[in-house]
Amino acid sequence: MAPLARLWSQAAGVRWRLLGAAVVGALATGCAVGLMATSAWLIARAAQQPPVLYLMVAVVSVRTLGIGRGVLRYVERLISHDAAFRVLGGIRQRLVAHLALIAPAALPVWRRGDLLARTVDDVDDAGDAFLRGLLPLAGAALVGAGTVVLLALILPAAGVALAVALVVACVLVPVLSARRSARVEGQAVQIRAGRTRLVTELLDDLPELTVSDGLAGRLDELDQIETDSRRIAAGTARAAGVAAAVAVAAMGAAVWVAAWFGVPAVAAADLNPVLLAVIVLTPLALTDTVQAVGVAAAALHRATAALRRLFAVMDTPPVTAPPPVHPRPLPEPAAGAIIRLRGVGARWPGADRDALTDIDLDLVPGRRIVVAGESGSGKSTLLAVLLGFLTPTTGRITLDGVDVAELDPDQVRTRFSWCDQSAHLFDSTVLENVRLARPDADAAQVEAALREAGAGGWLDGLPQGLDTPVGEHGRAVSGGERQRIALARAILADRPVLLADEPAAHLDGATAESVTARIMRPDPGRCVLLVSHRPQDEALADQVVRLAGGRRVG
């Protein structure tokens, strides 16, 4: 389905609003044309010095049309923007929901800045398909046709001249420039996405780029993007200027042709002299309308390019199996949870071989498991499978004897708490960052979790305690404090299985030992699965699982 047709299909709930906006917009433009025609008639008739009462209807009409143009345009903007924003809200909601569905396995296809550009800029450009594209085109078509009929009734030659001028300005010129506009607008969308991606990376990696002397290269790349952007903007402006000039010339030609045929018609008494002013001046009222057609065509090309980028994300198939239509209720174990993997294999999207093959593993309450292996051996894949981010290609996983394929994936995840090596911290307080794991927890429970995670001394030294901001991306806290916050989240969640992915990475020796020891503390109601490269962590485990090439070797 074409992008614009697909966009229209997603506007099912507001189609009548959009059609109403098109009609009201056409009426507003029609008021402008009517104002010009009535004013021309009034001026020409007044020059004949008739009794004033003969002019009162025209005077009132001029006032009515002048007021109506402003009021109707305001109403059209209200209706059209309300409808467009409803459509954009739905698209953005579906886009984010789909990103959540395919995350995290399918997200590496796009960089973070590119996804940001698609979610924000491309969605806004999609809205221009209605506001700056389809609605102005609909108004131009309706009013243009009506004006041609009006002039044809007065003087057929004037109507034909205006029709030819409208075809040239509103059809021929946009069609001739369509190929270039589509290419240029597509390039503009790509350049803007590249700029957003690069700026995002610069902001995120500024300290590292400065230290490694890589900042100059990135700034040069940004300068090149800006140069390309200015070149495309200049080309677009030139094309728009040519289109506008042709539109003005076409309307001017319509005026001259109307005068050329109108004057002899007046001389031959075939046309009322007052109506000569009407057929000559009325086409001028369409100048702004036909100029807007070129802008609308460019907006449609830009919106089409943006929609293709949006639908490319929304059409990405999830790497997990769809949830069951009628999921079984989640088992309620008496203590903890028993999860068994039998012959499990898994493969990442786009890979040519399985990242895991024939894995058997039991996660039972009280057991402490260390998963060891070289990079690429399948450790992170195992965690992704357990968390439901990657559906096994072979084998079976059961939760308390029930196949997880028969359960709601979101409910299955409630059996796991998660401690990552690079936990994300939001630009909020310590309290809110820890409470992310359990939003209904109070301050006392959050403080207890932090102290259990070994962050009590650090917490006591904070100027505002739990209300201390951690800064953007947690810049105000050290690596060890970040890991303790992540561990506090897992403790606060209080779930039967704790998964930890190399929580000691990037920490100094003493901090790493402290964090790992607290994760691996014996708990009869909780199973801990720790992914680690550190041989000393194996001494804390009841079971060591070694992976190599995606297979269990020990």
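Counting begins at 1 with the first residue displayed.
Including glycine, each Cβ sits where the backbone N, Cα and C put it.
Annotated features, as they stand in TrEMBL:
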- 19-302: domain 'ABC transmembrane type-1' (DOMAIN)
- 20-44: transmembrane segment (TRANSMEM)
- 51-71: transmembrane segment (TRANSMEM)
- 130-154: transmembrane segment (TRANSMEM)
- 160-178: transmembrane segment (TRANSMEM)
- 239-262: transmembrane segment (TRANSMEM)
- 274-300: transmembrane segment (TRANSMEM)
- 339-553: domain 'ABC transporter' (DOMAIN)
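A Cβ distance under 8 Å defines the sequence-distant neighbours of the transmembrane segment (51-71), meaning residues of its chain 6+ beyond its ends; these are 27-28, 31-32, 34-35, 38-39, 41-42, 45. Ranked by Cβ pairs under 8 Å to the transmembrane segment (130-154), the stretches 20-44, 160-178, 239-262, 274-300 are led by 274-300.
By the count of Cβ pairs under 8 Å, the stretch nearest in packing to the transmembrane segment (20-44) among 160-178, 239-262, 274-300 is 274-300. Taken as a whole, the domain 'ABC transporter' (339-553) shows an average pLDDT of 87 in this prediction.
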